[in-house]
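TrEMBL has this to say about the protein:
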DOMAIN    21-114  domain 'Cadherin'
DOMAIN    138-226  domain 'Cadherin'
DOMAIN    227-334  domain 'Cadherin'
DOMAIN    341-444  domain 'Cadherin'
DOMAIN    445-549  domain 'Cadherin'
DOMAIN    571-657  domain 'Cadherin'
TRANSMEM  670-696  transmembrane segment
TRANSMEM  777-794  transmembrane segment
Amino acid sequence: MDITYHVNEEDSPHTYIGDIAVDSNLSHPLTHQQHTLITFTQLQRTVESGSHLFNVTNSGKLYTTQTLDAESLCTYNKECSRIVKVAVRKGKTFMKILKVKVIIEDINDNQPAFPTKEISLQFDEGDGKGMKKSIPNAIDKDVGFHNHMIKYFLAKSESEPFSLLVTRRADGISMLEIVLEERLDREMKEIYNINVVAKDEGSPPKESVLKVRVIIRDENDNRPVFSRNIYNVSIKNTHNKNIPILTLSSTDSDTGDNKKVSYYFSPMTSDIVKRQFQVDHSTGKIFSTESSSLDTKLTYQLYIEARDGGSPPLSSIATVLVNVINQHNNPPSIDIDYVSALNHNTATISEDTKVGSFIAYVMVTDNDVGYNGQVSCSLHHDILQLVSMGSKEFKIVMKSSVDRETQDYYNVLITCQDEGFPSLKTEEMFSLQVTDANDVQPQFNKDMFKFLTYENEKPHFPIGFINATDPDLGLAGKLTYSLLHKKRNPIPFQISNYGFISTNQSLDREHRDFYEFEVFVKDNGTPSLNNTVNVEVEVLDRNDNAPYFTFPSVDPFTLDVHYHPQSKNDITVLRASDRDNGNNAFLRYEIISGNERQLFKLDSFTGVLSYSRTVYQNDAGSYELEFVVKDSGTPILSATTTVSLTLTVSNKTSPMFTAVHLQSGNNLNLTWVIIIVVAAVIISVAIVVSVTLCFIRGTNTRNNSARVRENSQYHSRAEMKQLIYQTNNPIVVTKNPEEMLSNNSPSIISSSQFYPEENSSKDWKTATLVRTLPKSITVSLFSFYYIIFGLYFIDFSFDKLLIYIY
C-alpha cells in the first residue's frame, strides 16, 4: 500500500480523512506552481470494492461520502479496511496510480448483549461441588478488538454458592458456566437469583446484565458436540442448489429435549454468506441459494452453531470453509474510467494533450479459473495505445498528437479475449471528443493597413476597420483589439473591441500629417495568443490656414529704390507661405492699391515686383503699395501687407513731357499750366462745333437749290455724289471738257445723262454740279480732319496735365 489512513466509524458524511497529495510525497520536490498542476482521480467507485464510501477531490483530499458502520462493513477479528485506487496526473501527463488503504476504526458504540435478559438454571440437589451449568454468552457487535472483547463477572452476595467460569473458544466466543461451589440443599433454598455482568473493554466500557434464576433440580448440563471443529468442502460453481453442500453432525449426551440439536448461522457469519447459503435447522444440511452468484468469490467461510433444546439451551460452533471451483467460461468484463468524461461512454481530451498523456483506466474482470480467466486486451488506433499495468489492469495513453481543426471526433474500440476454449472476447467502444485548445494565433487579412482621413474632423470620426481572424472556438476565437504606441508619443486614435479605429480628438495636419502605430490583437483563450500589424494614417489637408508674408516681414514695410537707365526691371520679390499643402498652399499675388500710375506690376505666381513701363524722372516719389496673397483652397484665404516704396530716379533719365522741363527749368506755376490747358480745350471744342454747324448749313442750301430745278434734265447732287463715291477711279474736276480729254480723265460726254443737252454752254461755272460738288467735298474733308485734330489735342492736353499734376 502507498498510503494508509484511519477513520472512525459513525463519523458524519464528508469527514476529512487525509491529504493524499501531501502524504504521498509526490509534491515534495515540486515548486508551488508545479504542485498546482497535480490532479487526482478516484478509480472504480463500486459498491463491491467499497471505494464508493469515499471521495477524492482533484487536489487529493480524501473524504467520506456517508456515515461508516464498521459492524455492517466488516467482521470481527479482521482488519476493517477498504482500498481506494487513485490516478495521479501532472497536467495532462499520467504519473501513477496510488493504492490508498482506509482503515475504519471501530468505536465502542455497541454494548454487550445477552440473547435474553433473564434465564433460568436448574441444579440437581445431588450435584456436588464443581457442577457447571452453561449460560448464554453476550455478543458485542463491535468489530474492534477491545470493543468486542467482553469480561464477565457475577454480581452476587457472598452467601450464594456459585461462581462464574469463563472459557474462550477458538472462534473467540466466550463460554459461560455457572459453577456450583458447594452442595445444594433444595430444602434450605430452592431458588437463587444472581446477576451475570458482561462488560466490554472499550473506552468508555459498556455493560449489560443477565439475570440468572437458579432452580434446584436436575438440568441440561451437556452441550452439543460437532464431529469436527472445522469442515472444508469444495464445490463447483455449477453446483445444483437443491443438493446439499454438506450435512453437519453433532451429539449431545443429554436426554429428552436437552438432546435435541438445532443448527443456525452464528452471529459471526457475514451477511454475504447468509445470502449465498442457507442451513436446514433440523438436519444440519447446507445449501447454496444461487449457483450463478458463486462466481463472485472463490472461498466462503461459514460459522454454524449447534444448539440443544435444553433450557437454557447449550450450543457449540463449527467452522465450514466452502471452496468454489469455477467451471464456467465467461467472457471478460471491461470497465473504463475516463480521466475527463463527457458522459458514460465519451471521453474528452484537449487538442494540446501531449503524447504519452493518461486518458483512461481500464479494469478487466474475468473470474473464470485457469485459461478461461487469462485475458489479453488490444486497442488498434491511430492516436491511442493500450499499456498494461499488471494483471488485468491497463491504461490508455496518447500515441500521437491531435488537431481539432483537422478532426474533432474519434471512435475507439477495445477488445479483450480470454485464453479459454472456445476463446471468448468482449468489445467495448467509446468515443473520444477533441476539445479546442488555443493553438492558432490570430491572423490579419493584410500585412499593413493604410488609411486616409481629413484634419479638423470631430472626435470619434471613423478611420477604418482592422480585420483579423482566429479559427479556434469559443473564447479562444474571440478577439480583442488595442493600440500600441510609445508613452512619449501618444496617438489621437482609439480602437473598439471589434477592430474599428476612430479618432479621440480633432486632428491637425499642420501639427502632424502622418501617424504610424501598431494594432495589437489577442484572443481570449488560455494561454492567450496575439499578433500585431502596422497601421499608417495619412492626414489630408483642409484649407484652414491663411497664407502669410515672410517678406516683407513687417507691415508696413519701407523700401527705398533708386532707378537708373541701366537698372534691371525687377525691384524685389514678395514671399509668402501657407501651412496647408496642395492647392490649399498654391499662392497668387496681386497689387490691390497704390499703383494708380500703373508704374508697377506683380507676377501673380512668383511674387516678383517689377516696373510695368518706362520710368521717367517725374515718376520719382513715394508709393503706398498694398499687396494681397491668396491661396487656392475652398474657401479662399488671404493676407495683405503694405510696402512704403520710395523711388528715386537718376538724372540721366529723360523727362516724359515738356511740361516737365518747364516745371523744372522755368518753374511755371501749376495754376497757369492748368489755365492754358483748359483754354486750349475750350478753343478746340469751339472750332469743332463751328465747323460742324457750317457743314450742316451748307448741306441744307444745296438740297433747297436742287428742289427749285424740278424740270431740269440734270440729275440731283445726290446722284452725282453717288457717282463720285461709286467709281473705282478718282474724279478730277476741271473747268472745261477739253482739259478732261487732255488729261485722260474719265470723261463726261455730251450725251451723258449728267451733261445738260439743251444748254451746251462750255462754261462749267454755270453748272450746278461744277459749283457745288467740289465745295461739298472740300468742306466735308476739312471738317473731318479738324474734328479729329481737336479731339486729339484735348486728349493730349489732359494727359499732360495729369502727368504734371503727378
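Here the Cβ of each residue, glycine as well, is placed from N, Cα and C on the backbone.
Secondary structure of the domain 'Cadherin' (21-114), assigned with DSSP and counted as helix (H, G, I), strand (E, B) and coil, comes to 14 helix, 37 strand, 43 coil. Mean pLDDT across the domain 'Cadherin' (21-114) comes to 83 in this model. Summarised by DSSP class, the composition of the domain 'Cadherin' (227-334) is 14 helix, 46 strand, 48 coil.
Look at the domain 'Cadherin' (341-444): DSSP puts its residues at 4 helix, 57 strand, 43 coil. Counting residues of the domain 'Cadherin' (445-549) by DSSP class, helix then strand then coil, yields 4 helix, 49 strand, 52 coil.
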